[in-house]
Ligand code: ACO
């Protein structure tokens, strides 16, 4: 038994903060930001919107897309909702429970996963296991975050990076893969290099980051996880058709593509327009590729992410 991605959807706020806007807010420039990060703009969630709202809009889109292929699909058949987020409006009810309510689902397993920017790969891995064990048949896996709301507006080293968005996969039980394998890791040795304190317990609750350290750990561990994922499946670099990376920094992405011997045309990139949308970056980039008919049935796609914790992970998918 495997799980298989049957639909995707995403929500990107309509308001964007550009590098030119940032030049007016902090001591920075497009000439500094773009070559170092690959980012030109980032979507910013409206004041009246919440992370569960964005998660719901992305889920609705994925459901609409699925209904076009399968008119019998009924939301009550969803047995599991996992939302990867670290920026939901409430600690409880979870973002997943709020999405369940907004979708009008009477009863299904619903919970959040917190693994910062690796959250979506973590959530996908957990949902895959629920399906593989036969516990549920259909699941919504959502990545939704609004890290732009957590940065110090005077800190030029973090405000340039983060945007807000939500993306959703619908996965279901299948005889064929699907999700071939997932690989998750965490190591707290460098946990202090990327932190976001809980508002209830700290006065300073801005996101704090030692960018250099995060960069070094990310490049090293993403290289290791490429090797681990390929070896676990007896595959070569040339077997991978597409890379859908967490969109944190174009230079980190280029390093992973190089490790895979993959030309950049085979890497799904949304970073220039969207920046780093944390747990939303992989599902929104994947959905962007699907909507633009990039993937062909049977192609092999590698998803990879790293984030606060430090956490990192990958998922190998047959489309
Ligand atoms: N504009 C102009 N100058 C800046 C800016 C800016 N926006 N930001 C920093 N600088 C300055 C610094 O003050 C420093 O100046 P100094 O030498 O006079 O002290 C200089 O530029 C170099 O700073 P570094 O931090 O060493 O810059 P670096 O080359 O490492 O680039 C960056 C910074 C882009 C943040 C990079 O380290 C990076 O992308 N790291 C990865 C971060 C990341 O991906 N985080 C998300 C993780 S995912 C998650 O879980 C949330």
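Cβ atoms are placed via backbone N, Cα and C, with glycine included.
Checked against TrEMBL, the range among 237-241, 242-246, 247-251 recorded as region 'ACP-binding' is 247-251. Note: the Cα of residue 246 (active site) and the Cα of residue 276 (active site) are spaced 8 Å from each other. Distant neighbours of the region 'ACP-binding' (247-251): 36-39, 117, 161, 215, 218, 269-272, 274-277, 281, 285, 306; these residues of the same chain sit at least 6 beyond its ends, with a Cβ under 8 Å from one of its Cβ atoms.
All chains included, 33 other C-beta atoms sit within 10 angstroms of the C-beta of residue 117 (active site). The two recorded residues residue 117 (active site) and residue 276 (active site) have their Cα atoms spaced 9 Å from each other.
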